[in-house]
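Engineer: Here it is: the structure, laid out below.
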């Protein structure tokens, strides 16, 4: 395969279709072969194998397991909380990025470093820390209890944990775009008579929207896959605050390998569809920019 | 609209961008702010637009102080050096922006906006590109979109920051002429900033020469070119030869010979004689000696491309640049190494800076 590809690359340009457009960059064969092998070993074969194992149980059982109320509710919690957290982050992550880019104040570098903390921290640490604060006997949890509601051990707690792990994705994707935005563009809007709010909604927001959507997509994907920080604060009450990854682990612990595989496959399918949707959304916003 | 600028000061940290500048801009004129970078010209423009605030002094429009008027209430059209177009909007939407952000009571109907934008795009000769995005346009086209966008709000003043700075020479020349015609048609009070003396002299009704945060001279292009206020203006307004001489008893002398100079001569002492290359008169060297009142020089290099020939001469160890027509050059039959006589048609003398 290496030999075949390298001859394609060195042959003079032919008319019509070619596997590779003529290029002077060497090493296509090796690099492409490696890419394929790598993706197969790490992504394609394991996931494909899992789908095959899930197919072993047959369609009827597959649907029976997937559509069980407890499983459906777990799906609802997993994707709903991840989406809610991503949207919350879209607003507040944007504010954080804005503050970090636009203002110079003492302690800016400290806050800048703090943004990355959720990246670096093992998520179980985050889970314990958040639970300690938001549990009914914790600082904030006690306040909530006095006000008549619970944070930890409810979907609200899950959302808080996912906001925590997802925040850096928004801040770090939006920040460079905000930095690139010319202050002159805002001045131009002002000199044309736009108010601050009009400048924000009509000039700034559209410019950062593609980056913001990318950030939301990343935070959402991370939220769907999150396990460590959620299991502590969620309380994992079936049909109340149980997420899909936890359900899979629970099935495995009960030696129900078929059930675990089926749920995992369904999860994979939904995630794939979500990613597809987000990609289309990104293409749509980008096409409106026509860079 | 007339603009009065009184004792405007602005500092950035330790740097004085404007040190007490006063200027009257007449209604309907096209004014150039000319100066090297760091001379404060862009700062002055931004203060007029309300994009920067003066530390002291005042700017008034038709006698009304503008201190409390934000940029968006000033009705000033501003064209930025790098255009600052909205990248996510089409050309049409860029131009329509200023109309669409107006308060509901003042905003024209969508059909009127459409008509007005079409009109502006026709004027800047871009109606065929209305649906394009800025990234799909050339520099000159972007510049014209920026101009149409600024004109859409029917500004009383048009301010242009280095309007042709980022364009190549050919486009720059065309746009310059075009802007002049546009101004002659519309008569909006316009101020543009440039560091290109040729641009300022060719385009403006009046030129304001600035340096180190001060206005050095204000006048028509002919006035500032022919009667520069000081050595800086003389130097900045075009190529110049600086020759070290002396002033003795009210007469400027170069190598002992008197130089005829325009304007004041100044006090006795070391002096610098300023001569523009095209004011250097060359003549055929006689077989022997040097004619009375002239100097003798040797041609050290010669560039004869285009209608004008440029010569580098060696005048008693000093480098001297001269410009003359190709016809005159062939009459004189000068070559590298040949000798000629030198005289100065017009020269100015300024005291040497100690």
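The backbone N, Cα and C atoms fix where each Cβ goes, and this holds for glycine too.
Here TrEMBL flags A:75-282 as domain 'ABC transmembrane type-1'. Per TrEMBL, the feature transmembrane segment maps to A:31-52, A:73-99, A:119-139, A:151-171, A:203-221, A:230-252, A:258-281.
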Engineer: Residue list, the transmembrane segment (A:151-171) vs rest of chain: Cβ under 8 Å, 6 or more residues beyond ends.
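Structural biologist: Hits for the transmembrane segment (A:151-171): 77, 80-82, 84-86, 88-90, 92-94, 96-97, 100, 115-119, 123, 126-127, 130-131, 134-136, 138, 140-141, 144, 212, 215-216, 218-220, 222-223, 226, 229-230, 233-235, 237, 240-241, 243.
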Engineer: Looking only at the recorded stretches A:73-99, A:119-139, A:203-221, A:230-252, A:258-281, which one has the largest tally of CB-CB distances under 8 Å to the transmembrane segment (A:31-52)?
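Structural biologist: Between the candidates A:73-99, A:119-139, A:203-221, A:230-252, A:258-281, the best contact partner of the transmembrane segment (A:31-52) is A:258-281.
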Engineer: Might you confirm whether the transmembrane segment (A:230-252) is in contact with the transmembrane segment (A:119-139), defined here as three or more C-beta pairs under 8 A between residues 6 or more apart in sequence?
Structural biologist: yes
